[in-house]
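Features reported for this protein in TrEMBL:
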- K124, Q187, G219, D250, K393: UTP binding site (BINDING)
- H220: substrate binding site (BINDING)
Amino acid sequence: EQVLNHEGVPNGGMAQFQEVMRQQLETSMHAELEKLLDTATGVDKEVSRKDFDGFKKLFHRFLQVKGPSVDWPKIHRPPEDSIQPYDKIAARPLPDSLADSLNKLVVVKLNGGLGTSMGCKGPKSLISVRNENTFLDLTVQQIEHLNKKYNTDVPLVLMNSFNTDEDTKKILQKYTHHRVKIHTFNQSRYPRINKESLLPVATDIGMTGENADVWYPPGHGDIYASFYNSGLLDQLITEGKEYIFVSNIDNLGATVDLNILHHLVSQPNGKRCEFIMEVTDKTRADVKGGTLIQYDNKLRLLEIAQVPKAHVDEFKSVTKFKIFNTNNLWISLGAIKRLQEQNAMDMEIIVNPKTLDGGQNVIQLETAVGAAIKSFDNALGINVPRSRFLPVKTVSDLLLVMSNLYSLEAGSLTMSQKREFPTTPHVKLGSSFTKVQEYQTRFESIPDMLELDHLTVSGDVTFGKQVSLKGTVIIIANHGDRIDIPAGTILENKIVSGNLRILDH
């Protein structure tokens, strides 16, 4: 007897049919990619071919995937010893000479993003965050300080994207006399694909005109392949480097931590830890952050995009999943090389839908750097203090790091000793503040925020010099109204609304 499924197709027949469809899609995709390559010449062609090889692998896996990538009942809390408290790591005494450990380290910053979310053109890393210093300036200062203090040679590697590479390289000239070697490599450039046909939207390999928005950098999970393909990975291994410390360039808390580094390099040979993910305790603000789980006896990163709809609330709960990934990662260079050469780097695919300016619906296939944790041996989570996670994603975050809540020393920001509570205030600036330029015109000087718990500002509001904000402050100018907070004002637990203008007589 032949068993029919609900669509009247013989069982087994459906699977066969799907397989044929997949093969046809893949054949069409390969043909389209070849056509695109035919429009390229010289070095461009070589680079694009390498990029497209990576894209083909990703596309192949995308066609194989069915449904959510996790089976919810198989998710378990990680075993106790797989996420160590930072205090336990820090309690071990550091050796007299840290130079040996530091000389095995490379600092890698993810530098592919633009400043568009803060209303800026060009790479986000070139936005000024503190005393005219950009994200990139602060990074260089931190590493230079280490190299001078311990007489070491820790290099900085920037993973750029085609969006940031040119502007970043121009700026790098200003660091030639700094004591830090700077290398760059480029993330891949992948074609966005039409949501319906699943074929590339691009008509040629160019990136201008109608082709301006048909390419994308495929998420930071691309670091492994592009680092390996660039030749830089091998070069650093030859120079005796063993580990990379990877973080987002906009996370001002991601400085080289000597305790974590020492823990890594002092493991016995048979138990060498190849991957450390820094996690920190979730607060209400972090409910969407990826978390560590135990799955099929491996430590694994679970992102909100992978969670079946029915379980999203459970995923966001602070009780079941108490920690989230800061994206500060310490990874063995030798292990990356091994996994790349064995084609064994396993990362879930993130399908990111976008709408182009012309209204066309496309998807881009991405991966996340932390998702590869399950491919590495003896992977470990370390629950670090919140101070190691200080991302600047919005102008509200920028206000915090520019204020007297933090002091700056050798490129590192630390919470001021004068603040009684180590928690960061909650700041929400309204739509009049979303662009950095608008924001700068609204503050004559950054207010004193040492005793602030919560600040909400909405509407047309400006701040005079030396304003002090304490406790909970809410300032709301309704549509058509304007509020100018006069110089020297102290607002403590106040709500300010209506209209307030003080004009010179």
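Glycine is treated like the rest: Cβ placed from N, Cα and C.
Structure with TrEMBL features highlighted.
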| residue | record | CB count, 10 Å |
| --- | --- | --- |
| K124 | UTP binding site | 24 |
| Q187 | UTP binding site | 27 |
| G219 | UTP binding site | 23 |
| H220 | substrate binding site | 23 |
| D250 | UTP binding site | 22 |
| K393 | UTP binding site | 14 |
Roughly how wide, in whole Å, is the group K124, Q187, G219, D250, K393 that binds UTP, by largest Cα to Cα distance? 21
Given the binding-site residues K124, Q187, D250, K393, which one's Cα is the least distant from that of the residue listed as 'substrate binding site'? Q187
